[in-house]
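According to TrEMBL, the protein carries these features:
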type: TRANSMEM; residues: B:12-29; note: transmembrane segment
type: TRANSMEM; residues: B:41-61; note: transmembrane segment
type: TRANSMEM; residues: B:67-84; note: transmembrane segment
type: TRANSMEM; residues: B:96-113; note: transmembrane segment
type: TRANSMEM; residues: B:146-168; note: transmembrane segment
type: TRANSMEM; residues: B:209-232; note: transmembrane segment
Amino acid sequence: MTIYQHMSLWLRRFRQSSPFQALVILLFWALGEAIVRVTGLAIPGSIVGLLIMLALLVGKRLRVRTVRRGAEWYLAEMLLFFVPAVLAVLDHPEFLGLLGLKILAVIVLGTLTVMTVTAGAIDICYRLGKEDVDVAK
Amino acid sequence: MLQSNMPLFQAAFWSVLTIGLYALGKALYRRKSCMLSSPLFITPVLLIVAALLFHVSYAQYIRGTHWLVALLGPATVAFAVPIYEQRALICRHWGLLVVGVVAGSATAVVSSWELSNLLGLNDSLRLSLLPRSMSTPFAMAVSGDIGGAPGLTAVFVVLTGVLGAALGEGLINYLPLRSVFSRGALLGMGAHGAGTAKAHQIDQEVGAIAGLVMVLVGLFNVLATPVLVYCLGMTGK
């Protein structure tokens with residue numbers, strides 16, 4: 001093998017590695033944050049980054065191969081990134097008593113209600129839509 | 001051992017401890033899956049115990065571990081990939097997603113408000129509890145807009161995600177849901193990022209839908225919540 005072939009093989013492996021792909025995604029995020037800072041948009045930078053990357057994927061300017069492994073790594077470890085923020089409760093000792101239980105009740109009951117209504121509404125529409133299709137057949 | 005004049009050592013210590021306890025939680029969860037052994041439950045609890053033992057405040061802890069929270073940014077960007085890969089499914093049923101986002105967002109505001117009223121929480125808490133079902137940056141923006149305390153909202157959002165991801169997993173098994181849309185939207189709507197991460201663990205399609213719903217919920221709420229709050233005459237009472 002020539003040196004050139006060695007280099008291109010190594011380069012391909014590097015491009016397929018999750019650390020490199022994670023870095024590519026990180027750059028999209030940085031771009032999104034920069035755009036928000038410059039334009040003063042009311043949307044978080046991460047969402048702007050997501051929309052840009054999605055537009056490039058749909059427009060075939062970016063191959064999904066170039067970012068898939070990196071994305072999988074972020075999504076698999078995403079729960080870790082939430083953990084440090086939970087420790088903010090250390091700053092609110094007043095939540096340790098009855099007030100904390102009340103807030104917890106609002107969060108738990110509210111979230112269960114939201115989930116049930118959302119899933120229920122979609123499922124009902126889905127079944128109605130399906131029947132229409134069946135009738136059309 | 002953990003004096004504040006060694007910031008670098010402190011940052012390294014808390015980062016390693018956080019990642020280590022998370023890895024431990026994941027290993028435990030793989031052996032025995034239940035809500036108590038979920039890394040989103042056991043890791044923060046053990047970290048709080050450690051912080052109390054070492055007399056470390058939240059400000060000291062987060063100074064060294066903020067970079068982990070910052071990675072939520074690129075993790076959100078990463079959802080472009082599953083959304084792209086499920087684009088055919090999403091394009092075919094986009095109406096269902098709109099139904100879910102609108103129904104879910106309205107329910108989120110009304111249920112949160114009514115429950116807070118019922119339990120007699122004060123105005124600042126009530127308003128801070130409203131924008132809970134969306135990812136943190138959106139929620140903090142909305143909270144500021146409607147007169148809540150964005151710092152408090154951030155805590156509630158994270159608690160909603162952590163509890164919601166666990167509750168949602170149970171609810172999916174309990175409710176007779178037919179489509180991947182209702183399952184994905186349930187987690188993406190109810191528990192934003194953490195729910196989406198959970199959905200991704202359940203199934204690729206469910207994860208993609210949860211991710212898209214999370215994004216739509218955020219965008220929709222930044223525009224709609226202040227209007228809804230104004231219409232219902234919730235502020236100033």
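Every residue number used here counts from 1 along the chain in the order it is shown.
The backbone N, Cα and C atoms fix where each Cβ goes, and this holds for glycine too.
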Top stretch among B:12-29, B:41-61, B:96-113, B:146-168 for CB pairs under 8 A with the transmembrane segment (B:67-84)? B:12-29
Under 8 Å Cβ-Cβ from the transmembrane segment (B:12-29), and at least six residues away from its ends along the same chain, one finds 2, 37-43, 46-47, 50, 56, 61, 64-65, 67-68
